[in-house]
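Novice: I am attaching a structure below and will ask some questions about it afterwards.
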Amino acid sequence: MKLSIIGSGYVGTTVAACFAELGHDVVNVDIDEDIVRSINAGNAPIHEPGLDELVETHAGDRLRATTDYEAVLDTDATFLALPTPSNEDGSIDLGAMKAAAASLGETLAAKDDYHLVVTKSTVVPTTTAEVIGPRIEEASGKTVGDDFDIAMNPEFLREGTAVEDFLGPDKIVLGASTERAFDCLDEIFAPLVERAGNPPVVKTGTSEAEMIKYANNAFLASKISLANDLANICKEFGVDSTEVLDAIGLDSRIGSSFLGAGLGWGGSCFPKDTAAIIAAARSRGYEPRVLQAAVDVNDEQPTRMLDLLADRFDPDGKRVAVLGLSFKPGTDDIRESRAIPLIQNLVEAGADVVGYDPVATENMREHFPDIDYASSAADALVDADAALVATDWDEFAALDSEFDEMRERVVIDGRRIVTRRDGLDYESLV
Ligand SMILES: NC(=O)c1ccc[n+]([C@@H]2O[C@H](COP(=O)([O-])OP(=O)(O)OC[C@H]3O[C@@H](n4cnc5c(N)ncnc54)[C@H](O)[C@@H]3O)[C@@H](O)[C@H]2O)c1
Ligand SMILES: O=c1ccn([C@@H]2O[C@H](COP(=O)(O)OP(=O)(O)O[C@H]3O[C@H](CO)[C@@H](O)[C@H](O)[C@H]3O)[C@@H](O)[C@H]2O)c(=O)[nH]1
């Protein structure tokens with residue numbers, strides 16, 4: 001089929017390249033000319049394992065990019081993969097979605113045959129039906145359910161494994177309200193269903209599909225926060241939290257994934273999506289107490305880590321190495337990284353901070369231009385009074401004699417990744 005994807009960031013580029021790999025003709029529409037140029041030159045505009053190969057293979061053939069919305073006219077369906085960031089109060093900012101829906105509507109005014117518009121972005125329940133659909137109607141002069149259909153297809157890929165996750169999903173969720181829309185979605189997803197070995201395909205309404213995405217992320221984020229809550233209790237009693245969490249993970253009703261206790265969750269999705277669904281719930285008069293508690297526990301983990309440092313010394317004037325700057329290993333993305341509140345507080349307390357990350361240094365430098373950055377963990381540790389480990393990069397597990405170069409060998413481990421050894425004043429956060 002011929003598909004257009006509006007928005008070509010982490011999701012839009014991955015989805016476009018994977019749909020091209022699955023045999024569809026795909027065009028990416030983005031307002032960013034650099035991104036468009038990069039895709040057309042056969043280079044992925046973002047770093048994701050396997051994505052470069054797909055873009056290189058299909059660019060100029062089944063995959064192209066443009067800044068011109070007119071490109072959607074030659075396609076059967078359009079996916080909206082625009083950003084949905086947070087407003088100041090945590091509620092969802094639909095600005096980019098509304099702008100793209102209006103541009104799409106103006107363009108679709110010139111299309112004579114049927115078109116399907118699919119929301120791929122994470123949006124709060126009723127957005128597709130009550131915001132996207134009406135905006136396209138208004139701008140196109142066409143009628144939803146008659147001239148075109150709207151649908152919702154949430155995305156569950158993780159950064160760092162985006163291609164693998166998209167091509168091997170646990171489930172595919174398709175939200176729509178007409179048979180014609182479901183038929184079109186079936187045709188689009190048939191090659192993926194076949195390649196992925198028939199994963200469950202959940203067919204539901206657009207608002208249910210929207211809520212499934214939030215429920216998925218809210219559950220995973222809360223699971224980590226509950227693991228952190230339990231691990232914090234373990235610490236009070238001198239109990240090994242890893243042994244406890246590993247054991248409960250063996251219960252098939254609990255499962256072992258997303259039980260990794262430590263500094264908490266960051267990234268471009270969990271913080272903004274929990275905030276958005278909490279704000280949406282409150283807008284309808286419901287107070288989501290468990291979810292709010294999950295956020296509170298997450299916000300407090302960096303403070304607990306700094307308290308462990310303060311138990312040793314006042315950080316004012318001390319050199320503190322922060323090891324790991326990205327929000328998780330395997331990515332250079334620092335959005336909502338737990339390293340950010342650590343560094344912020346250390347700087348405010350007067351510490352001399354040196355950061356190190358295998359790939360995220362340049363991104364963090366934009367955020368904190370005035371702290372030092374080291375080109376290796378070993379360099380970061382030279383003359384440091386303390387090291388705070390914020391991200392579980394594998395290479396931190398191998399650190400050993402490098403700690404000998406520290407002035408005071410205080411190591412506070414936020415991810416239980418450093419191997420304990422003699423001569424270190426080592427303490428794990430959980
Ligand atoms: N990043 C993830 O891992 C992930 C996973 C699942 C779902 N999501 C959701 O997918 C959506 C997109 O996220 P992302 O991480 O890909 O965002 P992103 O910021 O990486 O990319 C968005 C792209 O949209 C473009 N854009 C903005 N306004 C536009 C407009 N009016 N017309 C055309 N293009 C426009 C931007 O230039 C950018 O390239 C969000 O709702 C997010 O919550 C993200
Ligand atoms: O046991 C764990 C697992 C993860 N994390 C942290 O949780 C955050 C998020 O990790 P992860 O879920 O792997 O990364 P994302 O790329 O943000 O992916 C999440 O957010 C995406 C955007 O909505 C969804 O599509 C994915 O399904 C969902 O996993 C990171 O800070 C991790 O360090 C933990 O602290 N403990």
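Cβ coordinates come from backbone N, Cα and C, glycine included.
Where the annotation comes from TrEMBL, it is an automatic prediction and has not been curated.
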Novice: Going by the NAD(+) site in TrEMBL, where Asp30, Thr84, Thr122, Lys272, Arg335 are listed, which of the candidates Glu159, Glu164, Glu236 is also part of it?
Specialist: Glu159
Novice: Starting from the substrate binding annotation in TrEMBL that includes Phe156, Leu157, Arg158, Glu159, Phe258, Leu259, Gly260, Ala261, Gly262, Gly266, Lys328, which of Lys98, Lys111, Lys213 is the extra site residue?
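Specialist: It is Lys213, as the record lists it for that site.
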Novice: Let me know the model's mean pLDDT on the domain 'UDP-glucose/GDP-mannose dehydrogenase C-terminal' (321-420).
Specialist: 97
Novice: Those binding-site residues, Asp30, Thr84, Arg335: which ones have a Cβ sitting under 6 Å from ligand 1?
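Specialist: Cβ under 6 Å from ligand 1: Asp30, Thr84.
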Novice: Given the recorded positions Ala261, Cys269, Lys272, return the subset with CB under 6 A from an atom of ligand 2, ordered by sequence, or none if empty.
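Specialist: Among Ala261, Cys269, Lys272, near ligand 2: Cys269.
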Novice: If you draw a 10 Å sphere around the Cβ of Phe156 (substrate binding site), how many other Cβ atoms fall inside it, taking every protein chain shown into account?
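Specialist: Summing over all protein chains shown, Phe156 (substrate binding site) has 17 other Cβ atoms within 10 Å.
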Novice: Measuring C-alpha to C-alpha, could you say which of the binding-site residues Phe156, Arg158, Lys213, Leu259, Ala261 are within 10 Å of Arg335 (NAD(+) binding site)?
Specialist: none
Novice: If you count the C-beta atoms lying within 10 Å of each candidate's C-beta, which of the binding-site residues Arg158, Lys213, Arg335 ends up with the smallest number?
Specialist: Arg158
